[in-house]
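What TrEMBL records for A:24-41, A:53-72, A:79-100, A:106-131, A:206-229, A:259-281, A:293-319, A:331-349, A:356-374 is transmembrane segment.
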Amino acid sequence: MIDQEVRTPAPRTGGVRAFRGRRALTIGLGAFAALILLRLITGESDITSSGTMSAMLGLAVPIGMAAMGGLWSERSGVVNIGLEGMMVFGTWGAAFGAYFGHSPWLGLLAGIIAGALGGLLHAVATVSFGVDHIVSGVAINILAPGVARYLSDLFFTHESGGGATQSPQLPHFPTWSVPGVGGPLGDLEKHHWILISDLAGLIRGLLTNLSPVTLTAAALIPISFYLLWRTAFGLRLRSCGENPLAAESLGVKVYTMKYAAVVISGAFAGVGGTFLAMVASSNYQEGQVNGRGFIGLAAMIFGNWRPGGVAAGAGLFGYADALQLRGGASAVHAMLLLLGAGLLALAVWHAYRRRMVTAVVSAVVAVGLLAWFFLTDELPKEIVTYSPHITTLLVLAFAAQRLRMPAADGLTYRRGGGH
Amino acid sequence: MRRAVKMTAVAASAVLALSAAGCGGKKASTGGGGGGDSKKIVKVGLAYDVGGRGDKSFNDAAYAGLQKVQSELKLDIKDIEAKEGESDNDKIQRLQLLAQSGYNPVIAVGFAYAGALGKVAPKFPTTKFAIIDDNTVQQPNVADLLFAENEGSYLVGAAAAKKSKTGHIGFIGGVATPLIKKFEVGYTAGAKKVNPNIKVDAKYISQPPDFGGFKDPAKGKTIAQGMYDQGADVIYAAAGLSGTGSLQAAAGAKKWFIGVDSDQYQTAAADEKPYVLTSMLKRIDTAVFNFVKGVGENQFQKGDQRFTLKNDGVDYSKSNPTALGDLPSTIDDLKQQIVSGKITPPEK
């Protein structure tokens, strides 16, 4: 499975690139069409409303930033499960910078620096000292809440509204909207016209009331792609994740590359933490990260260690969570139909490709889901809360067969270890 | 490899040291100067629930009571915060630490302490304990402080229904526990009393045993935005810290918000204040203060002590008169009917 997709770094033709682009577009349009259909069948107007779309964006940003952090680190061969802890550093750093600097922008800067420091710690442990990546990551995850509480105790307890577990109120970021989008599209959306209202909801949700952190996060995805896949720096960095000894023999400074990657990784987690503390809420609170670093890692794997896939994974999780939080039991119930139909299509595809076991399993699960949809009116609330996690699990289970991680991911590299 | 092991050990010990430092509570300065006091020194200990001091809600109400103890009774106090995702063992140790260091009485804030207190209380028979929001621990040295949240919620539910123009209101609960459901039931009953056709949307952020729902403002905000988008124009959030996110959403949508436990009008940011219609007050501060005072006067009572509308244990706040308008006349009337026993708000 590992060498399924190993390519020589030969110049990639425009054809491959265009193919990837077209495939992504097809998947995106297909998913959107499925959602519109679902809205028409079930009458749940919240499925494509601008509120759901903007909530999706808000929930996807921290997960997406954690996932991009993981991508940077793992592309250089360092597994980073310390992202959760680095996000905690980010939330605290953002609060510290914004409160004492009296500016949200200083908060963003401090959040990034705090996250990067967490990354640096991981780099020192794993790259310089060769500590097992998982051990170091777990240590950072345990360390971060302790450090954050200690520092809050030191800096925030004497401020009004602050305490050992939270910071005082922080200054707000301004929000921006693309001019001329909010009003007219809002009217279109109210009509519930097929396609037009859905599109209006999508565009309005994604283009209005954006915080600068959201825009930064959105910009960082193509920037990362460009740096990693279109520059010499990126090629060197990725070669450290595929075969560090070969890279070394060609004169690449592997330690430097890994340090850079892991520190950048922490900085991404810091952006995610800043978003949580300053945009998603109005102050730092202990436990605010609440597992989002780990979900980010799942999104990274789902995205096959590529920026576009990572964005899609974060979006999927954000959408599932938004629907669950806003619409609740009936909207998620509608999703059963989509999931069932999708699995049925997958079963047919597998049967066509003569993978009978997978086909049968998919078909059985699909029939079960469809039966569940038609026999009930609502899902139990207990299950609805976990629907994003269940979605991730299902998608990962079916997507995992096509994934390829960097070949030297998680292995300890020693300079000159090749002879 | 050996070096790797050593590094791990170093990292691990650093973690331990830091988390230990993080857990230490602050010791408040002793009131009343000099050592000339011949009175018996009473030291009061208080252990917070998850969320801790500064949640602008449940724990802060307990802290307010403690501050009153300190300033009016001039006692030595100590408060310790809970840790994120801790086990029952951590709670047992926290209570034991307080009791062993001579703090008496010791107050456990929140039903999460029930299991721990059941084990610790018998070991320290001379220490007086109190637990808030739970009555499963029945011991000779434990007072169970209970609140009629359904009565207070009934009043704010009536206020919400009266204020709503769309005939659609919302309820956001932190975690779907029986305690929080009591808030929902009272709220719905109060709203239906005023407007039998009102639509009440109820949503819980997390399901037990995941107690994260009390401290996820991002989700509190998303849910509230969803409810406002779908036509609700008043939302009551009984969700601890997460409620701060719901309030943000209210200010963003320019719709009404109802706070819980403490008067959230007082702690809201300036641009959010106008949207706080009222708060359901749960006088944990009064309960804590009276309990400590009672122990000081040798009038400790074991078992259930109920705080209701009748004895001012729960109430609603009138700190935003512009928003309330003429609502208090209706609500105060309902309040009288509950106090006199004419109306009995349901509990489940």
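We count from 1, first residue shown onward.
For all residues, glycine too, the Cβ spot is worked out from N, Cα and C.
A quick note: this is a predicted structure, and the numbers were derived from the prediction, not measured.
Between the transmembrane segment (A:259-281) and the transmembrane segment (A:331-349), the number of CB pairs under 8 angstroms, six or more residues apart, is fewer than three, so the stretches are not in contact. Long-range contacts of the transmembrane segment (A:293-319) within the same chain: residues 20, 24, 27-28, 52, 55-71, 74-75, 81, 83-87, 141, 221-222, 224-225, 228, 269, 272, 388, 391-392, 395-396, 399-400, 402-406, each at least 6 residues beyond the stretch ends and with a Cβ under 8 Å from a Cβ of the stretch. At the 8 Å Cβ threshold, with sequence separation of at least 6, the transmembrane segment (A:24-41) comes into contact with the transmembrane segment (A:331-349) through 3 or more pairs. The list of residues near the transmembrane segment (A:106-131) in space but at least 6 beyond its ends in sequence, with Cβ under 8 angstroms from a Cβ of it, reads 69, 73, 78, 80, 82, 85-87, 89-99, 137, 139-140, 144, 170-171, 212-213, 216, 255, 258-259, 262-274, 277-278, 412-414.
Here the transmembrane segment (A:79-100) has long-range neighbours at 62, 66, 69-70, 73, 106-115, 117-119, 122, 133-134, 136-145, 147-148, 151-152, 155-156, 159, 167-168, 170-171, 262, 265-266, 269-274, 276-278, 283-285, 288-289, 291-294, 296-297, 409-410, meaning same-chain residues at least 6 beyond its ends whose C-beta is under 8 angstroms from one of its own.
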